[in-house]
Every structure is written in C-alpha cells, then in structure tokens.
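Per TrEMBL, domain 'EamA' is recorded for 7-141. Look at TrEMBL and you will find 31-54, 66-89, 95-118 tagged as transmembrane segment.
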Amino acid sequence: MLYYLPILIIVLANITYHVSAKSVPKEMDSFFFLSLLYIISAVISFVIYFFRAGAGFTDVPNQAKFINWVPFLFAFGIVGLELGNILMYRVGWNISLGSLVSNMLLGIALIVLGYFVYKETFSMKQVLGVVCCMVGLVLINNK
C-alpha cells in the first residue's frame, strides 16, 4: 500500500488542482492569483516542514546548504504549469478533456526525454502506447 500512496496523493491533489484552476474567477488577474497561491502554499509547506521535521528553525541553516539551481528552474516550471492550466480553462477547455490532452502529450514527451537524456529503456510496448496516445489525441480532438 505504501508503494501506491504517492500515486493516490497525486491523483487526489490533481483533482483538487483542476477543480480549483477551473474555478479561478475570470476577472482576477492570473499573476495576482498565482502570487496569492504561492504565498498560501509556502505557508502550508513551512508549517508541515516544521511539524514533520521536528527540528524547527534550527534546521533551516542546515537545509539551506543544499540549495542549488533546481528550485529556481522548478519555480519556472510550476509557474508555467499553473498559468497554462488557468488559461486552458479560461479559453474554454472542458475539465475532462483539457487535463487528459495535456497529460497524454506530457507522457509522450517524458518518454522521449527519459530515453534521450536519462538513457531509460524504451520497449516496443511503450512505442505502441505512444501510438495509442497519438491516435487517442486525434480521436478526442476531432469534432
């Protein structure tokens, strides 16, 4: 069960995420919303960190030693992800379709990235899966 717990968290968080992204008031500036979102997220993350770690503020300098370029790149990725999803719903994508299309394209891109950058294996089953995703994208978007 512990093996599947992260997947369950991801699925439940994504449901919350997409319902929330679709519910952002159209009148609200996207970047104001994102700023508010990140402030609230930072507070929640710090509270969980301090209670979970048990070390409190004394552990912060120790953790700061591990800061590198990754959080900065990650932040650009998160802002793009959040903004893209908000805009996707604002231009009229259905909640059932927008996420599906973007995640299928993401899956295909990550398979290619994994193969070329991380030297992960690429089986014929994965090739067939990519082809099925591409056919699915055509069928889903064909009106």
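Cβ coordinates come from backbone N, Cα and C, glycine included.
Note that the coordinates shown come from a computational prediction; the quantities given were computed from them, not determined experimentally.
Panel annotation: around the transmembrane segment (95-118), residues 14, 18-19, 22, 84-85, 88-89, 126, 129-130, 133-134, 136-137, 140-141 of the same chain, lying at least six beyond its termini, place a Cβ under 8 Å from a Cβ of the stretch. Counting same-chain residues at least six beyond the ends of the transmembrane segment (66-89), those with a Cβ under 8 angstroms from any Cβ of the stretch are 17-18, 21-22, 24, 30-31, 33-34, 37, 95, 98-99, 102. Per-residue confidence over the domain 'EamA' (7-141) averages out at a pLDDT of 91. As a summary of secondary structure, the domain 'EamA' (7-141) carries 110 helix, 0 strand, 25 coil according to DSSP.
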